[in-house]
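Q: Dumping the structure here so I can ask a few things about it.
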């Protein structure tokens with residue numbers, strides 16, 4: 001009996017080893033190697049096309065289901081702000097307030113209770129204005145088979161429920177383990193590769209190897225998110241000795257931009273795993289990391305960034321002038337510190353497609369682990385990047401902000 005049990009365990013281990021070998025072979029041969037050399041086998045493009053067809057079918061099925069079942073309640077879209085406003089005209093809402101008074105009031109006559117309506121509307125406008133709504137996830141009118149949008153849609157038909165269930169299995173049992181594996185490999189290679197390059201003397205070979213390692217690692221991480229990226233107007237791509245400014249939606253903005261070129265990162269020094277990655281990166285490339293005490297000294301930060309830009313052989317600095325993550329529906333006012341450094345400014349506009357997953361990081365609602373879990377269990381990351389014409393300091397920053405915002409709103 002014991003021999004039979006041991007033999008069964010050996011067979012299970014053999015099967016597990018074979019499956020692991022197949023898994024690694026497929027991942028390395030079809031994903032990692034093409035990503036490292038910057039080309040694609042077209043698997044992601046086919047995957048996105050299939051997703052588009054499925055989402056279109058689901059939308060049509062939902063619309064047909066409501067026509068066939070008129071009594072079926074239509075799930076209302078979730079509010080995009082802090083306050084859920086009810087529909088209706090001012091006369092209707094004021095009528096509701098007046099209904100609770102014992103004394104009838106003729107139409108058009110002023111009542112003291114009317115002031116509560118205007119008081120409430122004023123507070124709603126202050127608490128939940130257009131700026132506040134930019135810090136909430138964008139909700140979709142249709143359903144993208146994710147729980148972020150109205151998941152009650154999958155109760156409309158049996159086939160839609162089956163598609164939703166299969167989607168959950170694919171996202172959590174296939175895509176999630178694959179993406180976790182690629183992320184671990186990409187970050188490990190980033191730490192190991194940049195550390196080894198850091199031991200080389202400073203010359204052109206070291207610079208070339210450093211850029212190569214960074215590009216390979218970021219491309220592996222992007223494939224781990226099933227990212228499909230389209231770069232437009234590459235003739236305006238940021239050059240060395242310049243400053244790249246971009247709208248900020250997510251921590252993966254860095255991964256998206258670094259797939260098409262290397263940048264010098266700017267940020268605060270961290271501990272733990274992030275600190276290990278930062279220390280390894282700075283050995284091979286002149287990234288600009290600040291201590292917490294230095295971040296409070298504006299002049300010290302400006303002087304270090306100005307010194308970096310003065311060396312025309314250094315990589316362009318990547319800065320997000322908004323200072324925080326915005327939900328990718330608009331652009332907040334840029335902080336002027338980015339434009340006080342001098343040098344050439346290379347503006348970049350990043351726009352994510354919300355149908356396949358929400359790239360916005362609401363740091364007040366989700367910590368980094370929860371956010372990464374949501375990202376790695378989404379369908380894909382589809383994004384467009386526009387390189388805008390470079391500018392110099394002679395251009396007034398307000399005019400720059402206006403042009404940038406106008407371009408972004410037109411693309412949206």
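Think of each number as a place in line: the chain as shown, counted from 1.
Every residue, even glycine, has its Cβ placed from backbone N, Cα and C.
Note that TrEMBL annotation is computational and uncurated.
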Q: Given 39-60, 61-82, which one carries TrEMBL's transmembrane segment label?
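A: It is 39-60 that TrEMBL annotates as transmembrane segment.
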Q: Could you check which of 12-33, 100-121 is flagged in TrEMBL as transmembrane segment?
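A: That would be 12-33, per the transmembrane segment entry in TrEMBL.
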Q: Which numbers of helix, strand and coil residues does DSSP report for the domain 'Phospholipid/glycerol acyltransferase' (242-353)?
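A: Its residues fall into 40 helix, 23 strand, 49 coil.
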Q: Please work out the mean pLDDT for the residues of the domain 'Phospholipid/glycerol acyltransferase' (242-353).
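A: Reported value for the domain 'Phospholipid/glycerol acyltransferase' (242-353) is a mean pLDDT of 82.
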